[in-house]
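Have a look at the structure below before the remarks.
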Amino acid sequence: MAGFKTLDDIGNIDGKRVLVRVDLNVPVAGGKVTDATRIERIAPTIAELSGKGAKVILLAHFGRPKDGPSPEFSLEPIAKATAEVLGRPVGFAADCIGDAAASAVAAMNNGDVLLLENTRFYKGEEKNDPDFTEKLAANGDIFVNDAFSAAHRAHSSTEGLAHLLPAFAGRTMQAELDALEKGLGNPARPVVAIVGGAKVSSKIDLLMNLVKKVDALVIGGGMANTFLAARGTDVGKSLCEHDLANTAKQIMIEAAEAGCAVILPIDGVVAREFKAGAASETVAISEVPADTMILDVGEKTVKTVADWIDRGATLVWNGPLGAFEIEPFDRATVAAAKHAAARTKAGKLISVAGGGDTVAALNHAGVADDFTYVSTAGGAFLEWMEGKPLPGVDVLKR
Ligand SMILES: Nc1ncnc2c1ncn2[C@@H]1O[C@H](COP(=O)(O)OP(=O)(O)OP(=O)(O)O)[C@@H](O)[C@H]1O
Ligand SMILES: O=C(O)[C@H](O)COP(=O)(O)O
C-alpha cells in the first residue's frame with residue numbers, strides 16, 4: 001500500500017505491546033451483538049500480531065456516551081462477542097487508561113489479546129487531548145490502526161496515538177482502502193448514491209460535496225425527514241432535525257447546480273410506536289398523520305429507488321431506508337438491497353455499500369455477498385467518497 005507502513009513493515013514484535021485501534025461499534029439488541037461483521041474483519045490483524053508474539057491491546061469506542069462511564073456503553077459484552085468470533089480468549093480491562101489498564105496489560109503473556117474499556121468514556125478522546133493520548137500511549141510500544149470506519153474522526157485513539165508511537169495500518173484498513181480505490185476510484189457513470197439511516201447531523205454536511213460527485217442522490221431513512229421538512233412537508237413525530245432545514249435546502253440548491261438529481265420519498269410507512277409489530281399504514285408523504293412517525297419508505301418509493309438503481313452503473317449506499325431492525329419496517333431496505341444485488345449479479349451494476357447498520361441490513365436481506373464490495377465504514381466511507389482527507393489515514397502517511 002502506497003503512502004504508509006503496513007504490518008509487512010512492522011518487524012520483530014515478539015513481546016511488544018501493540019495498541020490496536022479497532023471499530024467495535026457494532027449493532028447490539030438486548031445486550032447481544034446482532035451483526036458481527038466488524039469483529040470478523042479485524043480478525044486477520046489480531047491473528048497476525050498475536051502469532052508474532054505481540055501483546056495485542058485493543059482500543060475501541062462504543063456509541064456516543066455523553067457523560068463519562070455508563071454500563072449502557074460498556075465494551076464488556078463486546079469483549080465476550082469478540083472472543084466468540086475470534087475463537088480465543090479476549091481479556092477485558094474496566095478502563096482504557098490508569099491503573100486498571102496498566103495492571104491488565106502487565107499481566108498479559110505474549111500473544112494474548114486484551115480489550116480496554118470504551119475510549120469515549122473520557123472527553124479527551126474526542127478532543128484529541130494530548131494528555132489523554134499520552135495516557136493511552138503509556139500502555140503500548142507500537143500503534144496499529146485497523147479502524148478504517150473511524151478514520152474520519154481525529155480522536156486520540158484514531159489520530160493522536162500515531163504521533164507518539166511507531167504507527168502502522170492494519171490489514172482491514174489496508175484492504176478497505178484498496179477495495180474502495182478499485183471499485184470507486186474512477187467509477188463507471190452514472191453514479192447513484194443512496195443515503196439513509198439516522199446519523200443526520202453528523203452526515204448531512206458531507207452531502208453538500210457528495211452531490212458534486214454523484215449523478216443522483218436517493219435520500220431515505222431518518223435522513224429524508226429533514227429534507228422533507230425543509231421542503232415544507234409535515235413529517236409528524238418522525239426523527240427529524242428541523243434546525244438543519246437550511247443545510248438541507250442548500251444541499252438541494254448545490255445538487256441542482258451540479259446536475260445531481262435528488263430523490264426524496266413519495267410515500268412512507270407510518271406508525272405510532274417504534275416497536276415490532278406496531279400497527280402501521282402506508283400513506284402519501286403529504287399525508288403523514290401528526291401523531292405518527294415515518295419508519296420506512298413506502299412501496300411507490302421503493303419502485304422509484306429500484307428505477308434509479310437501474311439507471312446507475314455504480315451504486316454507493318450508506319444508511320438503511322427504514323428502521324430495518326424492526327419488522328415490518330425492514331421491507332424497503334430489503335427490497336432495494338435485493339434489487340441492487342440482482343443487478344450486480346447480472347453484471348449490470350458495481351455496488352458498494354458501507355456502514356455498521358447498513359452491513360447488518362444487507363446481511364438481514366441475505367445479499368451482502370452479492371454486492372461488489374461491502375465496507376465496514378459508513379461516515380468514513382462517505383467522506384472518502386467526497387474526497388475529504390481522513391485524519392486517521394493521513395497521520396499514518398506522515
Ligand atoms: N425512518 C427512520 N426513523 C428512525 N430511524 C431510522 C429510520 N430509518 C433508518 N433508521 C435507523 O438508522 C440506523 C442506521 O443509521 P446509521 O446512519 O447509523 O447507518 P450506518 O450504516 O450504521 O452508518 P455508520 O456506520 O456511519 O454508523 C438504524 O438503526 C435504523 O433503525
Ligand atoms: O459507526 C461508525 O460509523 C463509526 O464507528 C464511527 O462512529 P461515530 O459516528 O460515532 O464517530
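Note: Cβ is positioned from N, Cα and C throughout, glycine not excepted.
Remember, TrEMBL labels are computer predictions, not curated facts.
Annotation comment: TrEMBL describes D23, L24, N25, R38, H61, F62, G63, R64, R120, R153 as substrate binding site. Sequence annotations record features per position, and here TrEMBL assigns (2R)-3-phosphoglycerate binding site to R38, R120, R153. Residues annotated as ATP binding site in TrEMBL: K203, E325, G355, G356, D357, T358.
Positions of the features from TrEMBL, shown on the structure.
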{"residue": "D23", "record": "substrate binding site", "Cβ contacts under 8 Å, 6 or more apart": "R38, I42, A60, H61, D146, A147, F148, S149, A150, G356, T376"}
{"residue": "G63", "record": "substrate binding site", "Cβ contacts under 8 Å, 6 or more apart": "N25, E72, F73, N118, R120"}
{"residue": "R153", "record": "(2R)-3-phosphoglycerate binding site", "Cβ contacts under 8 Å, 6 or more apart": "E126, E159, P391, G392"}
{"residue": "E325", "record": "ATP binding site", "Cβ contacts under 8 Å, 6 or more apart": "P27, A29, T34, D357, A360"}
{"residue": "G355", "record": "ATP binding site", "Cβ contacts under 8 Å, 6 or more apart": "G197, N318, G319, S375, A377, G378, G379, F381"}
{"residue": "T358", "record": "ATP binding site", "Cβ contacts under 8 Å, 6 or more apart": "G197, W317, N318, G319, P320, G378"}
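Proximity to ligand 1 (Cβ under 6 Å from any of its atoms) holds for these binding-site residues out of D23, G355, G356, D357: G355, G356, D357. Ligand 2 lies under 6 Å from the Cβ of D23, N25, R153, G356, out of the binding-site residues D23, N25, R153, K203, G356. All protein chains included, N25 (substrate binding site) registers 22 other Cβ atoms within 10 Å of its own Cβ. With the fewest other C-beta atoms within 10 Å around its C-beta, G356 stands out among the binding-site residues R38, G356.
DSSP assigns K203 (ATP binding site) to a helix in the three-state reduction. Least packed by the Cβ count within 10 Å, out of the binding-site residues R120, K203, is K203. The number of other CB atoms found within 10 A of the CB of H61 (substrate binding site), across every protein chain shown, is 26.
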